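J.: I'd like to ask you about the structure that follows.
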Amino acid sequence: MKRDVRILLLGEPKVGKTSLIMSLVGEEFPEQVPLRAEEITIPADVTPEKVPTHIVDYSENEQTDEVLREEIVKANVVCVVYDVTQEETIDKIRTKWIPLVNGGAEKGSKIPIILVGNKSDLRSGSSMETILPIMNQFSEIETCVECSAKNLKNISELFYYAQKAVLHPTAPLYDPEDKQLKAQCVRALSRIFSISDQDNDHILSDAELNCFQKLCFGNPLAPQALEDVKTVVWKNTSDGVQDNGLTLNGFLFLNTLFIQRGRHETTWTILRKFGYDDTLELTDDYLYPVLRVSVGCTTELNHLGHQFLLKLFEKYDEDKDSALSPAELKNLFSVLPYMPWSSTVYSNIPLTDDCYISQHGYLCQWMLLAYLDVHRCLEHLGYLGYPILMEQECQTSAITVTREKALDLDNRQTQRTVFLCKVIGPRGTGKTDFLRAFLQRSTERSDRDPGAPSIYAINTVSIANQDKYLILEEVDVETEFLKAADAACDVACLMYDVSDPDSFNYCASIYKQHYMDSGIPCVVLGSKADLVEVKQHHGMSPSEFCYKHRLPSPLHFSALLTHTHTHIYSKLTWAAMYPHLNGSDMSSTSFWLRVTLGATIAAMLGFALYRAFSRHK
C-alpha cells in the first residue's frame, strides 16, 4: 500500500476547486477565495486510512501547461471538478480533462479519476443522468461525488473517495468493461482460497470461513451473517455453495460483489494480509524476510517448521498412504508460480517402494533446502502460507540459526541436528553408489528410479536414540585440484577404490592439501570391497597413512552389500558431531570408543539435569 497520497484537482475556471480545498481545511466556506490554494498536507493521524495526504490545486490563470503536465505525472489520483449548474463544464470532462490526464496511457496504467460535481446547493436535481454515460465510457473513473463547498456537503467524503481510489484501486482487481475479476486477481484469490482450505476438500466450511474472517478482519462472523453470505452466493451462482460451504467460484463471486458495490477495501484487506502488493505480486518483505546467518553458523528447520510442513503433508496426502504421489506433490505446490522441486529430489531422499516421496523423505528434502539455501526455503514457506497458518510474523520463526562451529568446538558439544559430509574421491570409485546405499537403494533398482542424478543424498542416522540428519555431497573432480570452498564440511569421507593401485594417491593428496591442518574430521573409505584389494602405489598403505596422520583406520564399502554398511554412516555422523576427538588417538577402536563414551556421558548428564529440574519444580 502506498505510504502517501497525492490528490490533484482539475477543472474549468470558477467551478470551485479552490473553494473545496479551503472548505475542507477551514471547515467553513471562505468569504475570500484566492486564484489557487497552496499545496495542503493532511497528517496521517487525521485521515481515515492513516496515510499522509497532499492536496494540490491547479489554476489556468497562474500555471503553465508544462507545470500542469508535471503535476499530472506526480498525482496518484485526479479529481475533475465540474459545476452541476453549467452543462459546458460537464462536456469538458470528456473532451478536455480526461484526454489530458490519461490520453497517452495504456489500459491498466491510467491514473484513477474522481468526478466531482460542485455547487449542488444551486441545483434541485442531480447531474448523475448526464454523468453516467461519461463514467461508462472511461473505465478509469472510480466514482462521482456531488458536493457543495458552500454547505460543506460531502466535502470530506470527496477526499476520502480520492484517497480510497489510490490505496484500494479498482484497476488491478476488476475489468469494468468485462464486468469480471482480472486474471491476476483470480490467481491471487485462488491461492488464498487454497491456503485457507485447510482440509483440502475444495470447500471453505463454516469453521474455515470463520478462521479466514478472524485472520483478515480480526473477528469471526456471527452465525446469521455467515448464513446470509452463503445465501447471497447461492442465489447468484450455480456452483458457489456446496455441502453448506463456499467453493472457489463462490469465493471469487463474493469478492467480485464487494468490488461492484464499491467495497474494494475488503478485497484489498484480504490480499494484503496474504502478502500481496498493489500490483498483486507477493512483496519482497513477505517472501524474503531478513535472516542473518553469521560465518560458521548453519540453518535448520525447527519444531515450528516441522509442525507446519507435517500439516501440509497430511493435507495433500489424499489417499492417506503416508506418501506423496507426483500428482499430490504437484497439488501441494500449486500455490507457487513454479514447481520448486525438480526431478533430482527423487535422488536426494529415501522413497517408498513405489518411488513416491515418503513423509520421512519429504522432511529430509526440506531439511536439505534449509541447510543449503535457507533464503529459497523461506521463499517457498512464504508461498505456502506459513506466516498466515502458523500465525507468525514471518517465515524466519521456522528456522533455527545454529551457533558458530568454533563455539561448538570450544564447548566440545553441539546442538545441531544437520551435518554435511563431503564424499571426495577420483571418478569411478563408487561415490554415487555410496550415496544411493545411504538411501537404501540397491544397484539393481537404479533403472526404476524416477529422479535425475544428484550430487546430494540426505537421510537420518540414529545417534544415542536421537535422529540426526546427515547430508552426503559427492565431490567429483577430474584432477587433484579441489577449491577450499569445495573442501569445507563437517566431516570428509575420502574414498578410494581398493582394486585400483593409483586410487589412494588422490585421497592422500587431498588430505594433505585441505584437511591435514583444518580441524575437519576425515574418514578414509575403501570402496568396491567385494573385489580383490591391491597394493596402492602411494608410498604408504591406507592403514599406514591413517596411523601416521592420527586418523581412524580405513572403513570398507561395497555397493553389492548395502544393507551391511549402516555403521559407516553412523561413524561419519559421530565424527561430524564430535570433531574435537578427531586425531585424538591412532587406533580406530579407541577413536570410536571415545566418541561413543562422549555421547553417552552427554546424554546421561542431560537426563540428570532434567531429573534435578523436575524435582525442583
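Positions of Cβ are set from backbone N, Cα and C atoms, glycine also.
Values in this document were obtained by computation on a predicted structure and should not be read as measured data.
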J.: If I go by Swiss-Prot, which of Ser59, Ser190, Ser194, Ser196 binds GTP 1 at the same site as Gly16, Lys17, Thr18, Ser19, Asn118, Lys119, Asp121, Ala149, Lys150?
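T.: GTP 1 site check in Swiss-Prot: besides Gly16, Lys17, Thr18, Ser19, Asn118, Lys119, Asp121, Ala149, Lys150, the record includes Ser59 out of Ser59, Ser190, Ser194, Ser196.
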J.: Out of Asp199, Asp317, which of these binding-site residues shows the lowest number of other CB atoms within 10 Å of its CB?
T.: Asp199
J.: Ranking the binding-site residues Gly16, Gly428, Gly430 by other Cβ atoms within 10 Å, which is at the bottom?
T.: Gly428
J.: Roughly how many Å separate the Cα of Glu328 (Ca(2+) 2 binding site) from that of Lys528 (GTP 2 binding site), to the nearest whole number?
T.: 39
J.: Nearest to Glu208 (Ca(2+) 1 binding site) by Cα, among Gly16, Gly430, Glu474 (binding-site residues)?
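T.: If we rank Gly16, Gly430, Glu474 by Cα distance to Glu208 (Ca(2+) 1 binding site), first place goes to Glu474.
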J.: A 10 Å Cβ contact count, applied to the binding-site residues Thr18, Ser59, Thr432: which residue has the minimum?
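T.: Across Thr18, Ser59, Thr432, these binding-site residues, the one with fewest Cβ atoms within 10 Å is Ser59.
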J.: Give me the sequence-ordered set of same-chain residues, not including Asp317, Asp319, Asp321, Glu328, with a C-beta within 8 angstroms of the centroid of the Ca(2+) 2 site's C-beta atoms.
T.: Tyr316, Glu318, Lys320, Ser322, Ala323, Leu324, Ser325, Tyr356
J.: Please classify the secondary structure at Glu474 (Mg(2+) 2 binding site) using three-state DSSP.
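T.: Note: Glu474 (Mg(2+) 2 binding site) is in a strand by DSSP.
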J.: Roughly how many angstrom lie between the C-alpha atoms of Glu474 (Mg(2+) 2 binding site) and Lys431 (GTP 2 binding site)?
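T.: Distance between the two Cα atoms comes out at 6 Å.
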J.: Using C-alpha positions only, work out which of the binding-site residues Ala149, Asp201, Asp319 is nearest to Thr432 (GTP 2 binding site).
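T.: The smallest Cα gap between Thr432 (GTP 2 binding site) and any of the binding-site residues is with Asp319.
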